[in-house]
Structures are given as structure tokens and as C-alpha cells.
Amino acid sequence: MKKNGILNSHIAKVLADLGHTDTIVIADCGLPIPEGPVKIDLSLTIGTPSFQEVTSLLLQEMAVEHITVASEIQEANERDHLFLKKAFSKPLHDVDHETFKDMTKQAKAVIRTGEATPYANCILHAGVIF
């Protein structure tokens with residue numbers, strides 16, 4: 001049995017299989033999930049698990065080169081926008097929400113949280129550890 005880190009076997013496999021520039025989406029419970037990416041649904045109830053909980057864990061486990069968000073998060077969800085800016089030392093890349101949704105089609109996986117606040121979504125772009 002795995003002793004630490006992310007125990008979810010689906011997430012652990014996706015992380016182990018990532019290559020440089022591959023992407024993972026962390027989604028609120030309302031984001032449409034396209035056909036193609038692996039769907040990992042963690043939602044239990046509204047708000048559980050939260051966007052911030054899941055994102056924090058993934059940032060600990062994954063080499064992240066940059067993060068993309070919908071530009072609308074800046075005004076519609078200041079709390080999660082500030083969280084991302086503090087949790088990630090580099091500037092966030094922002095695109096309009098329709099472009100963001102289109103980008104999810106190329107992701108290796110979409111992790112659905114129980115988060116129910118506007119634009120609580122991000123795309124993590126894999127970096128390298130060397």
C-alpha cells in the first residue's frame with residue numbers, strides 16, 4: 001500500500017504517465033468534461049473536495065511549468081484567483097472561458113472536484129524535474 005502522497009490510483013497513474021507540456025485540468029463541479037481526457041470524478045458533495053484542496057495536492061506531486069485559468073476568475077472568483085497566485089510562483093496564463101473549455105479537450109485528464117464557485121478551474125501544464 002502506498003504510504004504517502006496522493007492515494008487515488010487514477011490520479012497517481014495519470015501523474016506517473018505525464019510528459020513535458022502534458023496537461024491536467026482541475027475542474028469545479030459544473031465545468032463540461034469533453035470526450036477524450038480521462039475523467040476522474042472526486043466530487044462527493046457540493047464543496048467537497050474543494051478546488052483548493054485538490055490543487056494544493058497536485059502542486060505538491062507534479063512538476064508544473066505554468067497554469068492556465070479563465071480570465072473571468074479575476075473578477076468572479078477573487079478567492080481562488082489569489083490562492084493560485086500564492087500557490088504558484090510564476091504568473092498565471094489567462095484565456096477567455098470558451099478558449100479554456102476548448103483547451104480541456106487536449107488534457108490527459110480532468111479531475112472533477114465538488115467545488116461550486118464560478119471559474120474554479122485551472123489547467124496544469126507539466127514541467128520537468130531536471
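Keep in mind that glycine also has a Cβ here, set from the backbone N, Cα and C atoms.
Summary of the site annotation: Swiss-Prot records substrate binding at Asp28, Tyr119, Ala120, Asn121. Screening the candidates His10, His93, His97 against this entry identifies His97 as the one listed for that site. For the pair formed by Tyr119 (substrate binding site) and His20 (active site, proton donor), distance between Cα atoms is given as 26 Å, rounded to the nearest Å.
When Cα-Cα distances from His20 (active site, proton donor) are compared across the binding-site residues Asp28, His97, Ala120, Asn121, the shortest belongs to Asn121. Counting other CB atoms no more than 10 Å from each candidate's CB, the recorded positions His20, His97 peak at His97. Cβ-based neighbour count (10 Å, all protein chains) for Tyr119 (substrate binding site) stands at 22.
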